[in-house]
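One structure is given here, and the rest of the page talks about it.
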Amino acid sequence: MSDPILFLFFLFLLSSAEGAPLRRSFYSESCPGAEATVRGVVSRAMAREARAAASVMRLQFHDCFVNGCDGSLLLDETPEMAGEKAALSNVNSLRSFEVVDEIKDALEMSCPGIVSCADVLIMAARDAVFLSGGPKWEVKLGRQDSLTASQEDSNEIMPSPRTNATSLIALFTKFNLTVQDLVALSGTHSIGQGRCFSIVFRLYNQSGSGMPDPAIDPEYRAELDRLCPLGGDEDVTGDLDATPQRFDNQYFKDLVRGRGFLNSDQTLTSLPETRKYVEIFSKNEKRFFKALVEGMIKLGDLQSGKPGEIRRNCRVVNGISDDQLVKTK
Ligand code: HEM
Ligand SMILES: *[C@@H]1O[C@H](CO)[C@@H](O)[C@H](O)[C@H]1NC(C)=O
Ligand SMILES: *[C@@H]1O[C@H](CO)[C@@H](O)[C@H](O)[C@H]1NC(C)=O
Ligand SMILES: *[C@@H]1O[C@H](CO)[C@@H](O)[C@H](O)[C@H]1NC(C)=O
């Protein structure tokens, strides 16, 4: 066998093994510039719009919790398949899919058919954290892209902003994620924004009480009431912490003072076992960063074990022509 053929055969072996172990430097031979390409596009996207960092990094969570990190989130709906983009937690909420397209287009120029969309999400999330002032870590790569998506599974699995700490612990435990992982991963709300849609219930009718959530600091609640008046525009957005463009431990300092934006944030102070980590991370940013990195790697390790492919276009399974698609944003 000639060298290039041997090389392709080797690649085939690696990528055809279902659930093949992920590893660092997976593309160091096949696409050595991959990580630099991803970082360049994320950095340019952030220069255009600061919030892109948050929007891009969130995609890893919503991809990985639904049948593993397999890029299923990125598939546009087709007449035969309802996409995950329109699932309850995603519709009118997930953003920056065009940044993923831009990364993938750049990779297809330099190394066609090599880098999976699932891996793009993992690299981009890491870069978004690092470029926002957070920790830097080495990602494991070698994921395959799914052949399908499941809106139903997303609806069932993804937690709503109303979820309480007990339910969040139960959910994360299903993915072998610990209480420390839950609290550290929630700390990604150190960057980005949420909609009034996600908090009006806790401002005006927490748990059907007709009253606001008593855990909200009164001054902060007055601010939120002004931002999100009852009956107002629920697409208006507010910052998830006091420094929404900086990846830091401000989120935890805010939680300690009752200034968490979402119910699912503030609820982390409601149980001793979650509150413990909120307090530790609020005082010690290094501990937060270390736990965050561990959590992000575990989140990235979730795999479906189903056969996949390297998609050419992250929105479409290979072999489907564009005109069969119903484009979504
Ligand atoms: C613990 C359970 C979680 C819940 C209930 C939750 C829920 C939410 C909600 C409701 C929003 C605002 C969406 C909107 O109003 O449109 C949001 C934003 C965000 N979430 Fe989470 N989240 C959770 C965990 C995570 C994790 C694990 C990550 C990342 C690994 C993450 C990253 C983000 C980011 C970065 C944003 C801001 C996005 C932007 O500005 O576009 N979240 N989350
Ligand atoms: C948390 O939410 C679950 C599911 O909605 C509910 O059954 C449970 O009673 C809640 N726990 C607390 C302490 O509010
Ligand atoms: C959690 O760990 C158990 C035991 O190691 C394993 O059997 C199971 O598949 C894991 N679950 C997930 C979602 O990774
Ligand atoms: C508050 O929520 C409860 C239960 O969901 C509902 O029955 C009630 O009508 C709501 N109150 C208001 C003022 O929206």
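The first residue you see is number 1, and the count goes up from there.
Positions of Cβ are set from backbone N, Cα and C atoms, glycine also.
Taking the Cβ of His62 (active site, proton acceptor) as reference, residues of its chain lying under 8 Å away and at least six apart in sequence are, in sequence order, Leu73, Glu84, Ser89, Asn90, Leu94, Ser154, Met158. According to TrEMBL, the active site, proton acceptor annotation covers His62.
Feature annotation from TrEMBL assigns Ca(2+) 1 binding site to Asp63, Val66, Gly68, Asp70, Ser72, Glu84. Glu84 (Ca(2+) 1 binding site) has a Cβ environment of 27 other Cβ atoms inside 10 Å.
Sequence-distant neighbours of Pro159 (substrate binding site) (same chain, six or more apart, CB under 8 Å from its CB) are Ser89, Ser167, Leu168, Leu171, Ser264, listed in sequence order. Annotated substrate binding site per TrEMBL: Pro159, in sequence order.
The heme b binding site annotation in TrEMBL covers His189. If you draw a 10 Å sphere around the CB of His189 (heme b binding site), it holds 24 other CB atoms from the protein chains shown.
Sequence-distant contacts of Asp248 (Ca(2+) 2 binding site), defined by Cβ-Cβ distance under 8 angstroms and a gap of at least six in the same chain, are Gly133, Gly134, Ser190, Glu285. Positions annotated as Ca(2+) 2 binding site by TrEMBL: Asp241, Thr243, Asp248.
Under the three-state DSSP scheme, Cys31 (disulfide bond) falls in the coil class. The disulfide bond feature in TrEMBL is assigned to Cys31-Cys111 (among others).
Marked as disulfide bond by TrEMBL: Cys64-Cys69 (among others). Around Cys64 (disulfide bond), the same-chain residues six or more apart in sequence whose CB sits under 8 Å from its CB are Leu299, Gly300, Leu302, listed in sequence order. Annotation note: Cys64 (disulfide bond) sits in a helical segment as assigned by DSSP.
For Cys117 (disulfide bond), the same-chain residues that are 6 or more apart in sequence and have a Cβ closer than 8 Å to its Cβ are Gly71, Leu74, Val100, Lys104, Asp145, Arg311, Cys314. The disulfide bond feature in TrEMBL is assigned to Cys117-Cys314 (among others).
Under a cutoff of 8 A between CB atoms, and with a sequence separation of 6+ in the same chain, the neighbours of Cys196 (disulfide bond) are Leu227, Cys228, Gly232, Asp233, Glu234, Asp235, Val236, Thr237, Gly238. The annotation disulfide bond is assigned in TrEMBL to Cys196-Cys228 (among others).
Look at TrEMBL and you will find 21-318 tagged as domain 'Plant heme peroxidase family profile'.
Look at TrEMBL and you will find 1-19 tagged as signal peptide.
As annotated by TrEMBL, site 'Transition state stabilizer' applies to Arg58. Sequence-distant neighbours of Arg58 (site 'Transition state stabilizer') (same chain, 6+ apart, CB under 8 A from its CB) are Leu94, Thr188, Gly192.
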Other C-beta atoms that fall within 10 angstroms of the C-beta of Cys228 (disulfide bond):
23
Using the recorded Ca(2+) 2 site (Asp241, Thr243, Asp248) as reference, state which further residues of the same chain have their Cβ within 8 Å of the centre of those residues' Cβ atoms, listed in sequence order.
Ser190, Ile191, Ala242, Pro244, Arg246, Phe247, Asn249, Gln250, Tyr251, Lys253, Asp254
Compute the centroid of the Cβ atoms of Asp63, Val66, Gly68, Asp70, Ser72, Glu84, then list the same-chain residues not in that set whose Cβ lies within 8 Å of it, in sequence order, for the Ca(2+) 1 site.
His62, Cys64, Phe65, Asn67, Cys69, Gly71, Leu73, Ala118, Ser146, Ala149, Ser150, Ser154, Ser304
Based on Cβ atoms within 10 Å, give me the single least packed residue among the binding-site residues Asp63, Asp70, Asp241.
Asp241
Conformational class of Cys314 (disulfide bond) under the three-state DSSP mapping:
coil
